[in-house]
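Database features, via Swiss-Prot:
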- SER82: active site, nucleophile (ACT_SITE)
- ASP207: active site (ACT_SITE)
- HIS235: active site (ACT_SITE)
- TRP22, SER82, LEU83, PHE143, LEU144, ALA145, LEU146, GLN147, HIS235: substrate binding site (BINDING)
- 15-242: domain 'AB hydrolase-1' (DOMAIN)
Amino acid sequence: MNNIWWHTKGQGNVHLVLLHGWGLNAGVWRCIDEELSSHFTLHLVDLPGFGRSRGFGALSLADMAEVVLRQAPDKAIWLGWSLGGLVASQIALTHPERVQALVTVASSPCFSARDEWPGIKPDVLAGFQQQLSDDFQRTVERFLALQTMGTETARQDARALKKTVLALPMPEVDVLNGGLEILKTVDLRQPLQNVPMPFLRLYGYLDGLVPRKVVPMLDKLWPHSESYIFAKAAHAPFISHPDEFCHLLVALKQRV
C-alpha cells in the first residue's frame with residue numbers, strides 16, 4: 001500500500017494534523033503553517049490521491065481515514081477543512097483514543113441537502129461530477145471560486161487557492177469524482193452525537209457550500225460541541241482571517 005505525502009514541522013508538545021479539502025493539497029495551509037508550527041508539532045498531509053499523494057484511486061471515507069491514520073502520531077488534535085472535516089470526523093469516530101480534540105472547518109456532517117437539512121443540492125454535486133469528465137480543470141476552478149465568494153478579499157483568496165492547485169499535478173478524475181461522491185452521500189449527523197473528545201466547529205458566515213443555518217441545528221444535535229462563526233469569512237476562513245483562526249486553535253490547545 002502506498003504512503004501519502006506527510007510533512008512535519010515545529011516542536012510543540014501537542015500534535016496538530018491538518019487535512020485539506022476537495023481538489024486541493026496541503027499547500028492551502030501556507031498562510032498559517034508558520035504561526036501554527038510555533039505552537040504545535042504540525043502535520044501537513046496530502047489526502048490520498050491529492051497533491052503529492054499519488055497512486056490512489058477513488059476511496060470511500062472509511063478507507064481514506066484508515067490510510068491517513070497509518071502515518072499519524074499516536075495522539076493529536078485533528079483539524080479537517082471541508083471534505084477533510086469528514087475524514088477527521090471519521091477518525092474521531094473509529095479511533096477516538098487517537099484524537100485529543102476534533103476541529104472541523106467550513107465542514108458539514110452531511111454536505112448534501114436532505115429533507116429539512118440545508119446543504120448543496122444533490123443535482124449541483126452531480127453536475128460537478130458530470131463536468132469533471134468534460135473539463136476537469138475548469139470544474140475545479142469553478143468550485144474554488146464558489147469557496148471565496150462574498151468576502152472582502154474574495155479575488156485574492158480565490159487566487160491563493162488556485163495557486164495551491166496549480167502548483168502540483170491535478171488529481172486524477174476518478175479521485176476527484178470519489179471525493180464528490182463522499183460529499184454527496186455521507187451523513188455523520190447521528191454518529192457524531194457520541195464523540196467523547198472536545199469538538200470545535202468553525203464556520204464562515206458567507207459560506208456558499210455549508211449554509212450557516214446548519215450551525216444552530218448542530219448546536220442542538222451536538223450540545224457537547226462548540227461552534228464559532230467568522231462574521232466576514234466564506235468557505236476558507238483560515239485564508240481570509242488567518243490571525244483570528246490561529247488564535248482559536250492556540251486557545252483550544254490550552255484546554256486539551
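From the backbone N, Cα and C atoms, a Cβ is placed for every residue, glycine too.
With respect to HIS235 (active site), the closest of these recorded positions in Cα terms is ASP207, chosen from SER82, LEU144, LEU146, ASP207.
For the residue listed as 'active site, nucleophile', the recorded positions whose C-alpha atoms fall inside a 10 Å radius of its own C-alpha are TRP22, out of TRP22, LEU144, LEU146, ASP207. In sequence order, ALA106, ALA233, ALA234, HIS235 make up the list of same-chain residues 6 or more apart from ASP207 (active site) whose Cβ falls under 8 Å from its Cβ. Here substrate is bound by TRP22, SER82, LEU83, PHE143, LEU144, ALA145, LEU146, GLN147, HIS235 per the record. The longest Cα to Cα distance in that group is 16 Å. For the recorded site, LEU83 (substrate binding site), the DSSP three-state label reads helix. Look at the recorded positions TRP22, SER82, LEU83, LEU146, HIS235 and count other Cβ atoms within 10 Å of each Cβ; LEU146 has the fewest.
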